[in-house]
Amino acid sequence: MPGVIPSESNGLSRGSPSKKNRLSLKFFQKKETKRALDFTDSQENEEKTSEYRGSEIDQVVPAAQSSPVSCEKRENLLPFVGLNNLGNTCYLNSILQVLYFCPGFKTGVKHLFNIISRKKEALKDDSNQKDKGSCKEESLASYELICSLQSLIISVEQLQASFLLNPEKYTDELATQPRRLLNTLRELNPMYEGFLQHDAQEVLQCILGNIQETCQLLKKEEIKNLAELSGKVEEQSLQKEETGGITSTEIDSMRNTEDVKEQLPKGNWKRKSDSESSNVKKKVKLSRESQPLEENQRQTRSKRKAIGDTLEAAPKIIPKCVSESESAKPSQKKSKVKINWLKPSTKQPSILSKFCSLGKITTNQRSKGQPKEKEGDVEEDLEKYGSDHTANGGPESPGSSVTPVDSSEAKSGNKGAEQIGFELVEKLFQGQLVLRTRCLECESLTERREDFQDISVPVQEDELSKVEESSEISPEPKTEMKTLRWAISQFASVERIVGEDKYFCENCHHYTEAERSLLFDKMPEVITIHLKCFAASGLEFDCYGGGLSKINTPLLTPLKLSLEEWSTKPTNDSYGLFAVVMHSGITISSGHYTASVKVTDLNSLELDEGNFVVDQMCELGKPEPLTEEQARGTAGNYDDEVSIRVGGNAQPSKVLNKKNVEGIGLLGGQKSKADYELYNKASNPDKVVGTPFTDNRNSETNDTTNGTHESDRNKESSDQTGVNMNGLENKISYVVQSLKEYEGKWLLFDDSEVKVTEEKDFLNSLSPSTSPTSTPYLLFYKKL
């Protein structure tokens, strides 16, 4: 029966799988539980898992492995401050870095900030501030951009100085946040709200345009204040001439004019108020004084009347004169006509011509003597106002060439600072173009001038698109490398007007053929060249960017440039490249912006002594929101990773990385704190820095009781201040020497990261041999 045994075994094998499966599952489960409890199992899989778990533990627990990395980061840190990305704000960070290193920009912003801070203090001291508050809010809002720029400049300089003096405190990064400036831009232009990518050239035009408007507003306010002061002084002189008597208001005005004269340099002429100073004591006997007063006055209609009639009519004439002078404020020509009967037959200049040519009129009035004494009073007060406001940074009248000998040098020095301040954009970035049209028949020329702040040049020929459509083999045919001079020649090319677009000549009196050219008439200190790297493309349509795709055609860019070929007059000016804004990406609404800046002019570097105070004072004096509460208040609902420096007595190297987990929409970025509140807190950082020193001095004086101890302490404090001044000078010289190591080197600013770029690598990225995605977008040349 051997054949039956295999059949039984087969039958068992058929019915056994279910049983074996049950047994095998239970067996494997028991085996896994044993593996979990048995620590002496030496299988290969267990060894692998133990090694993997051990590696995980080794990566987390020891801190010694991460220390070499931090040391390398500390060595790689450069003494240049980056800017944190606050959510697709690389377009703003790159422009701010270029403006920071732009020659003369920081000086002009500081000058404007000092003027604005003085104006704000004047508004606080004004008794009628409540009545004028509504009309001053708009001007303060327009001043906020200047205050935000100055606040950012101060924070960058202080952080740079702190790093150079204490480099061991900074291990992670050396960067600050332009949050206040970003909030100001969002207030001025709601387009920058949210976290969308924007054009770097547009934000540059927005910043420069608002600075220019602020400068014009400051000019108008200074001229208005000067006109109001001249009107008030003129009213006082007219009241004296009309009434012939002395009232309480005249006594106050005479005292004010006497105080004014004491402050001014003395001349060889006398004022009428000096001869009448004795009459102030005898103001009770008006009837006896009326006769000598009328003899000293000019020939007016009031002299023909009797003495009693004059005294009775005096109080009636005063309000009439005041009303006429008040109504004459809007138009100065009318005031000249109405008040002409009070003056002699000689022609009197208008008020506007007075404060436009103060020196000339003042010298003429002094030579004529007593008949022009009242006008001399007006000119004296106007001279005082002009000198005070010029010394304080206010506008100086263009015609004030003849000045007192003592203040001529001061005015000439302040005039240059005033021009840099009020004409910051015009001097640095704004030039003038001439559109010249020449008739081909009569050879007559017509010119039209317009201002420009940047030059937009092409990077490829217009016919290239037609070639791409006709070519079937290669979508990007190889073309010869274009240069920047070729691009500028395309911008200033001669255009021939023919056919239906003929030019109507005024000399020929009919339509003729003409040539139109664009030339440079006035060149600024800094030339901004905008490369038109984005063009409309139907094949690669970008719904967010409006169909603008990137043109990656390389353009040969020189380090030195001369525009004499396209200028209206011969010039020897040459420009050197000092900054480039690069764009990497394929569309205008995406990608990333970086800035490359060449460090130059460190020998003429001017550092503020307020940036080299003690760390505690430095932290208290920073106008940027540096504490956690202020940063959270200004951050609002930002969903990005930012670094916050702890204020107070903490070290500035402590960096806290915070991230909000609240969900926000595409157009988020709402602000919880208004910009003017930040302006009120940090409009004058010098005062904030100075307050701890004053508190220490007051505490020291309160501890002493005797005068001798106070004098000793004053001597010690004076010695300490001398030592501190020497220490500040040593710190400043050390910082300057440390920065001179980077003279002539190119720095790459990639938001918060700063790197040194070799000149060869920079030239390769500037004029690449291939067509990379990272190409130059904005070129900045400064006058050499």
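Using N, Cα and C of the backbone, Cβ positions are placed for all residues, glycine too.
Model, not experiment: these values are computed from the prediction.
Record features, source Swiss-Prot:
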COMPBIAS  7-16  compositional bias 'Polar residues'
COMPBIAS  45-56  compositional bias 'Basic and acidic residues'
COMPBIAS  233-243  compositional bias 'Basic and acidic residues'
COMPBIAS  252-264  compositional bias 'Basic and acidic residues'
COMPBIAS  693-708  compositional bias 'Polar residues'
COMPBIAS  709-718  compositional bias 'Basic and acidic residues'
DOMAIN    81-784  domain 'USP'
MOD_RES   Ser16  phosphoserine
MOD_RES   Ser42  phosphoserine
MOD_RES   Ser67  phosphoserine
MOD_RES   Ser474  phosphoserine
MOD_RES   Ser767  phosphoserine
REGION    1-21  region 'Disordered'
REGION    34-56  region 'Disordered'
REGION    233-342  region 'Disordered'
REGION    362-414  region 'Disordered'
REGION    684-725  region 'Disordered'
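Counting residue by residue with DSSP, the compositional bias 'Basic and acidic residues' (233-243) contains 11 helix, 0 strand, 0 coil. The Cβ of Ser767 (phosphoserine) lies under 8 Å from the Cβ of Pro554, Leu555, Leu556, Thr557, each of which sits 6+ residues away along the same chain. DSSP classifies Ser767 (phosphoserine) as coil under the three-state reduction.
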